[in-house]
Amino acid sequence: MIAKFEEELPLYSLSSSDAARQSELLSYIAKITEGETDMKSRSKIGGKNEGCFNKITVVGAGDLGIACVLAVAAKGVADKVILLDLSEGAAKGGTMDLEIFALPNVEISRDFSASADSKVVVVTVNSLGNAQTYLDVIQSNVDLFKGIIPAISHYSQNAVLLVASHPVEVMTYVAWKLSTFPKSRVIGVGANLDSERFQYILTNLLKAEVLAKDAWVIGEQGEDKVSSWTSYNLAANQTEGMAARNSRQKVANRAMEVLKGKGQRSWSVGLSVADLTDSILKDRRKVHSISTLAKGCCNINSEVFLSLPCILGTKGVLEVVKLEEDPLVQEKLQSSAGSIHDLQQQLKL
């Protein structure tokens, strides 16, 4: 995880040139934690937004946040989309453009109360600033979450929290702890995008449509992700079954090599977020590879979030789909769980 971060910075983090904007964001969060906003002064949750049926809030007005708003709006998933811009500076960049061109059903706000009664809250905020180490970067994000997550949870007590902040496994865990929501309603974007791409490559480029139906990318984002399978039926005969397994793995390896060349951009992650919110709001009970609490899976005993195939509905994760038993896959998942848990132990929550 650390090596991958040092090699390639998060696609939706703030650049060093945005240090002033980050300071504004930290200042705003500090005011929240000190009780200087009107969050605690309002006894009634709702107000002008309570009439919306399907309402989504996107927290963070960076490139990823705006990409999520545009993708959700284009998909027609929600009756109302709130973009929470937490910086104190004047409107600029994409946020100003959204105001200028006034998309239907999209509202920009700097007040947490605007998010009241959201069905899904997407968290996209990230911070780099002057952090020198990987742990410093994550702790900076944790500090942001300390102001954001309790406020969001206060106004949307029945929401599904969808985390897209980096690193998604750790920050989903942090959101879960700070929100006190049940584990089913706190998820991360995880490997949903990678899985959709993986299945597309298998079907359209490698012409392995049968394999693609049960193929998933799981585990940890980055170089440590791994391909796996759910209900794929191998031949009953042991020898034939081994040959089929080897053949399948060769195809999967080719697909993973192709997948490595596909970088993630804000707009592509935004499309993935829209896909997930669609499944949640419309109770599609579709299977997605998302970050979920992995404790109890593959002999993992620690509280860590990893991408696993999950059935999504209005209440979040309805069920974790059972994976085909594969010792190598389990070993990789356990290794990821161990490194993530060690990192989490160093954070100040």
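Glycine is treated like the rest: Cβ placed from N, Cα and C.
Annotation comment: TrEMBL describes 55-188 as domain 'Lactate/malate dehydrogenase N-terminal'. What TrEMBL records for Gly60, Ala61, Gly62, Asp63, Leu64, Gly65, Asp85, Asn141 is NAD(+) binding site. According to TrEMBL, the domain 'Lactate/malate dehydrogenase C-terminal' annotation covers 192-339.
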Overall pLDDT for the domain 'Lactate/malate dehydrogenase N-terminal' (55-188), taken as the rounded mean: 91
Binding-site residues: Gly60, Gly62, Gly65 - member with fewest neighbouring CB atoms within 10 Å: Gly62
Listed in sequence order, residues with CB under 8 A of Asn141 (NAD(+) binding site) and six or more positions away: Val125, Asn126, Ser127, Ser165, His166, Met171, Val174
Residue counts (helix, strand, coil, in that order) that DSSP gives for the domain 'Lactate/malate dehydrogenase N-terminal' (55-188): 63 helix, 25 strand, 46 coil
Diameter of the NAD(+) binding set by C-alpha atoms, the set being Gly60, Ala61, Gly62, Asp63, Leu64, Gly65, Asp85, Asn141, in angstrom: 17
Among Asp63, Asp85, which are binding-site residues, the residue with the most C-beta atoms within 10 angstroms of its C-beta: Asp85
